[in-house]
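**Student:** Here it is, the structure, as structure tokens.
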Amino acid sequence: MAYIDQKHNTFWDDFAIALRDKIVFLNSTWGEIHASAHRFEDLSALAFDEAEEMIYFSDQTHQNGSIFALRRDDSTPIVVQRTGNDSVEGLAYDPLNRNLFWADMRQQKIFFSSVDTLATELPKVLVDLSGEGGQPDGIAVDICRRQLYWTNGNIKSASVERIGLDGKGRQTIISADIDMPRGIVVDQLSDRIFWVDNKVGIFFAIESARLDGSDRQVVVKGKHQDPKHLAINEDAIYWTDRMDKAVWSYPKPTYSQEVTNVTQAEPELAKPFSKEKAYGIVTRTGFYQRLQKDAHCASIVKKVKQQLNTRLNNRTHIRSAEGDRISQLEREHCLNGASFMSRGEFCICPVGFKGARCEISECHNYCVHGTCEISDAGFPKCYCQAEFYGERCEYHKCNGHCLNSGHCSMDKESDAMRCECRPNFGGERCEHNLTEQCAIYCQHPETQLPVSCLDFCEEWSNSNDTATITEYQTAGQCGPAPPVQGPLIIVIVLGLVTTSGLVALTVHGVRLIYKPKRPRIKKTFVVRKQARLNSSSDTPLTNRPLTTEQCEITIENCCNMNICETPCFDPKLVEQTFSSRDRKAPCVKEDKKILIHSMEDNLLS
């Protein structure tokens, strides 16, 4: 049900925090503007409609209702029917269909209803978790892709799930390594979800994933907190902590398709509340200005604007000349082509402008040293001058380049950086302390001194006081060291020679092991005297010699690969040679003539 109440002429700026018994509105610097809903006792969840500047909230124990609305152009409280015996833990709003969704942990269901028919129709059930023991806690609407996300806080089956706003396509996207998830939010700018997980014990975590549950990352991990709900805008993540009675903030990680860069920082205490616990939180995201050209959101933003204009035009009332003049003034109130919403009395700015009247350009004072343009996504983008860099061109390239108070300058043509060093410093970045380096040379008189150190060493030897040498910052590099000495060279040479010898022995041993053996030739020749001539029919088979007339010669390795270990002689030529030697002196050179030239051929013949 809804309860509408507003008595203030100024609405909240950037944040709204639900404490136990009131809603506090704060500006961008966390300064308190005012507080509302003082007649409530047990506030919990919040939801915000940026199209009509409407904030929705829930009270667990109010006697007249469970869900309420806060709008500034209504001053009379309106009470509608109570939703039932419920315990609303999470709220979410869809501006396209003007439906309000809430998670009822007591009934274990997720309900929804149109804000236009809350007083006349009963809410409908979108998801029923009672049969499976689920405990819906935080919920969030993906306006552009028409999905509803929720956290199941049952520690036995904890999960993060989603379903279409039409009730179809339920899907569990996170179910592993999750303990007790609480609040959840959809960031339309980065197309990711963020949720709080109360870990077992004293720990907690804030995690993130893509809309389908992939690319899961831990953004913040800490302890000794009791986080409940969270909100997100362009710059940071914010969550309520019931233990410390405060709101914490953390820099929003930047994601892209190529690079994921998670900012490494510590959570900051954004807003402490000394007496009351903080529960729900919502923040202004600039949805309608930021996403007018987004591929997924542009059509939704256009439809929401058209519906707002249609509802305003359908109002029938008598207009006088004074009324027409007031209407003209209202239209002129918004600058730079912005649209004026009379019901909420606010402006919807076009891409590239912001402010209450859309009077401030997004590029105003945005780029420090460069030119600014509005990107297709509706964000300011800087084109830096040659000497500067950074998201806003706020950093000079020479920052921190020259060390030890050196002066940095840049070449306009090549953009190269050069350093002019102070006396007694040198190097490309003035990283070398010549005083320290010369002191090292001075302590080793056997080394050759650089010319630049002669004067210093002479003065140093006279004073003989090394305590006056000051230590300066360096770039992580050492100065030139004294040259190596003779004994070190000898040791190095001996080591190289020994290593070479060991390598040679190893190679030779391997060759001996794996080299195939050469074949060995073993032949036997029978040598006998000349056959007897007593018979013309005598043959070697019929006229065998006596044992005293023959001998056997075994020849091994004869002419093996041209290496003759045992000389091989032709038996047919031996007798002729010996008979001729008897007539003249023996000649050693003639022995070569009777060597066997082709042993195998002679044997075959």
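Even glycines carry a Cβ here, placed using N, Cα and C.
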**Student:** Per Swiss-Prot, which of Cys393, Cys398, Cys419 is disulfide-bonded to Cys402?
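**Tutor:** When Swiss-Prot is consulted, Cys402 turns out to be bridged to Cys419.
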**Student:** Just confirming the record: what cysteine out of Cys421, Cys442 does Swiss-Prot connect to Cys430 via a disulfide?
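**Tutor:** It is Cys421, per the disulfide annotation in Swiss-Prot.
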**Student:** Based on what Swiss-Prot records, which one of Cys393, Cys398 is disulphide-bonded to Cys408?
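**Tutor:** Going by Swiss-Prot, Cys408 is disulfide-bonded to Cys398.
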**Student:** Among Asn314, Asn534, which is annotated N-linked glycosylation site in Swiss-Prot?
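**Tutor:** Looking at Swiss-Prot, the N-linked glycosylation site feature maps to Asn314.
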**Student:** Look at the disulfide annotations in Swiss-Prot and name the partner of Cys358 from this list: Cys349, Cys372, Cys382.
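**Tutor:** Disulfide pairing in Swiss-Prot: Cys358 with Cys349.
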**Student:** Cα within 10 Å of Cys347 (disulfide bond): which of the recorded positions Cys358, Cys408, Cys419, Cys430, Asn433 qualify?
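**Tutor:** Neighbours among recorded positions, in sequence order: Cys358.
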**Student:** Using a 10 Å cut-off between Cα atoms, which of these disulfide-bonded residues sit near Cys402 (disulfide bond): Cys358, Cys408, Cys421, Cys430?
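**Tutor:** Within 10 Å of Cys402 (disulfide bond): Cys408, Cys421, Cys430.
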**Student:** About how far apart, in whole Å, are the alpha carbons (Cα) of Cys430 (disulfide bond) and Cys334 (disulfide bond)?
**Tutor:** 56
**Student:** Inside 10 Å of the Cβ of Cys349 (disulfide bond), count up the other Cβ atoms and send me the figure.
**Tutor:** 25
**Student:** I need the nearest neighbour of Cys419 (disulfide bond) among the recorded positions Asn27, Cys334, Cys358, Cys408, using C-alpha distances.
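**Tutor:** So, of the listed recorded positions, the one sitting closest to Cys419 (disulfide bond) is Cys408.
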**Student:** By Cβ distance under 8 Å, which residues at least 6 away from the ends of the repeat 'LDL-receptor class B 3' (146-190) in the same chain are close to it?
**Tutor:** 90, 92, 94, 97, 99, 101, 103, 105, 110, 126-127, 129, 132-140, 196-200, 209, 211-213, 216, 227-232, 234, 239, 252, 254-255, 285, 287, 290-291, 294, 297
**Student:** On average, what pLDDT score does this prediction assign to the repeat 'LDL-receptor class B 4' (191-236)?
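**Tutor:** Residues in the repeat 'LDL-receptor class B 4' (191-236) carry a mean pLDDT of 94 in this prediction.
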**Student:** List which of the recorded positions Cys349, Cys358, Cys398, Asn433 have their Cα within 10 Å of the Cα of Cys334 (disulfide bond), in sequence order.
**Tutor:** Cys349, Cys358
**Student:** Which three-state DSSP class does Cys419 (disulfide bond) fall into?
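**Tutor:** DSSP assigns Cys419 (disulfide bond) to strand.
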